[in-house]
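What Swiss-Prot annotates here:
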MOD_RES   Pro3  N-acetylproline
MOD_RES   Lys14  N6,N6,N6-trimethyllysine
BINDING   Asn123, Thr173, Lys177, Arg295, His327, Ser379  substrate binding site
ACT_SITE  Lys175  active site, proton acceptor
MOD_RES   Lys201  N6-carboxylysine
BINDING   Lys201, Asp203, Glu204  Mg(2+) binding site
ACT_SITE  His294  active site, proton acceptor
SITE      Lys334  site 'Transition state stabilizer'
Amino acid sequence: MSPQTETKASVGFKAGVKEYKLTYYTPEYQTKDTDILAAFRVTPQPGVPPEEAGAAVAAESSTGTWTTVWTDGLTSLDRYKGRCYRIERVVGEKDQYIAYVAYPLDLFEEGSVTNMLTSIVGNVFGFKALRALRLEDLRIPVAYVKTFQGPPHGIQVERDKLNKYGRPLLGCTIKPKLGLSAKNYGRAVYECLRGGLDFTKDDENVNSQPFMRWRDRFLFCAEALFKAQAETGEIKGHYLNATAGTCEEMMKRAVFARELGTPIVMHDYLTGGFTANTTLAHYCRDNGLLLHIHRAMHAVIDRQKNHGMHFRVLAKALRMSGGDHIHSGTVVGKLEGERDITLGFVDLLRDDFIEQDRSRGIYFTQDWVSLPGVLPVASGGIHVWHMPALTEIFGDDSVLQFGGGTLGHPWGNAPGAVANRVALEACVKARNEGRDLAREGNEIIREAAKWSPELAAACEVWKEIVFNFAAMDVLDK
């Protein structure tokens, strides 16, 4: 070892344990445009000051460990350490704080969501000094955004591929999600697409089970969508779930989908993992496939308000990793989703530039520069009576997906699809004429039902179905 190295490492080194805040709490720090910024909801253990808790988060998610180490002298901690630069008390909550942490960009591998999340949320969430910890938001700097491909195609390219403009896209998840044979599954796909839907979908847990192997499903679904296209003159798609037990098997399924000439494949990005997802997204761009993303397992991570990771972070991570659609909740259906919070992360998915807006849960201004946008997918417990609200909430750049709300129609699958298409066209027409969908929605649906027996039957079946439960995740006061 050289004398210079020995001198650098030994000068000022003192073994032992010292408070994190002495090194990692820096309220005077001015954040840089190249820093990744994080907002953590911190609940310290009794007796732990908030400054120490915030500094511990910064340390344990960057360069720190529980004791001083000799090798600290071999690098520049000031260059590489995370810094807790601000602490806010959460109004209305006992012993909860928002700790803002800045991370130098050099801590992260270029183009790797996997590495970014491993660093920021990898170990620190099990830290004993904290009762609970939640990552509320991230600011991804432009310098880091530009190292990612992002969505394979984006909203405008998808519309051009489908030749569909001026309205939300319509989809349907095939039910029952498990148990159908491949041929009966394909039959349901055909009936729904023939009836007027743009897409049908594999459910998240449809992979390759004994009752329906993936290759058989792909073949029958391809036959169904090409037949429906020929009959309707519209471009159709079915989300063929390529999720598999290995990346190699996943890619084999995606390649087969491309060889069949189908326009879109699907991936469960959280259970499948970010490395697999980014690999698939790159393949989809190179080979002209759209990529639908399901967020299965998200509520395990994001539903509790004081611990875990907010979905807006998972949404940003998905936009970086790559996907053309992602499920986003419905606000009005059976799944968790408060309106302002949902609209906040929907904007983070679709827009190029999003201003900080705490009223919608957005902690940082985010500039995506040229990264393509992602279509939010509203799915889960929705039916024709929800159509005005969904059109008003999500606007044109969205996918409205009715599973039971299509296949549960009393006359069958194709009439269920007709009912949804008529309801959507009526709502878009009324909106374009200046009518208030939020106030006049039920009247608009009733008027359309006079001319569509399929819609009238759907209205009768689901007239009393509501899901009135308070959201678990709400904005701070």
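Heads up, the Cβ atoms here are built off N, Cα and C, so glycines get one too.
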**Study point:** For the binding-site residues Lys177, Arg295, the one whose C-beta sees the most other C-beta atoms within 10 angstroms
**Key:** Arg295
Review point. Can you name the recorded positions among Lys175, Lys201, Asp203, Glu204 whose CA is within 10 A of the CA of Arg295 (substrate binding site)?
Key: Glu204
Revision key, fill the gap. If we take the residues Asn123, Thr173, Lys177, Arg295, His327, Ser379 that the record assigns to substrate, their largest CA-CA distance in Å comes out at 36
Check your understanding: Of Lys175, His294, the active-site residues given in the record, which has the fewest other CB atoms within 10 A of its CB?
Key -> Lys175
Check your understanding: By CA distance, which of the recorded positions (Asp203, Glu204, His294) lies nearest to His327 (substrate binding site)?
Key -> His294
Point to revise | Rounded Cα-Cα span from Asp203 (Mg(2+) binding site) to Lys175 (active site, proton acceptor), Å | key: 8
**Study point:** His294 (active site, proton acceptor) versus Glu204 (Mg(2+) binding site) - Cα distance in angstrom
**Key:** 6
Revision key, fill the gap. Thr173 (substrate binding site) and Asp203 (Mg(2+) binding site), compared by Cα position, are separated in whole Å by 6
**Study point:** By Cα-Cα distance, the member of recorded positions Lys201, Asp203, His294 nearest Lys177 (substrate binding site)
**Key:** Asp203
Point to revise | Residues within 8 Å of the Lys201, Asp203, Glu204 Cβ centre (excluding the Mg(2+) site residues themselves) | key: Thr173, Ile174, Lys177, Asp202, Asn205, Val206, Tyr239, Asn241, Met266, His294
**Study point:** Chain-internal residues near Asn123 (substrate binding site), provided their CB is under 8 angstroms and they sit 6+ positions away
**Key:** Glu60, Ser61
Check your understanding: If you count other Cβ atoms within 10 Å of each one's Cβ, which of the recorded positions Lys201, His327 has the most?
Key -> Lys201
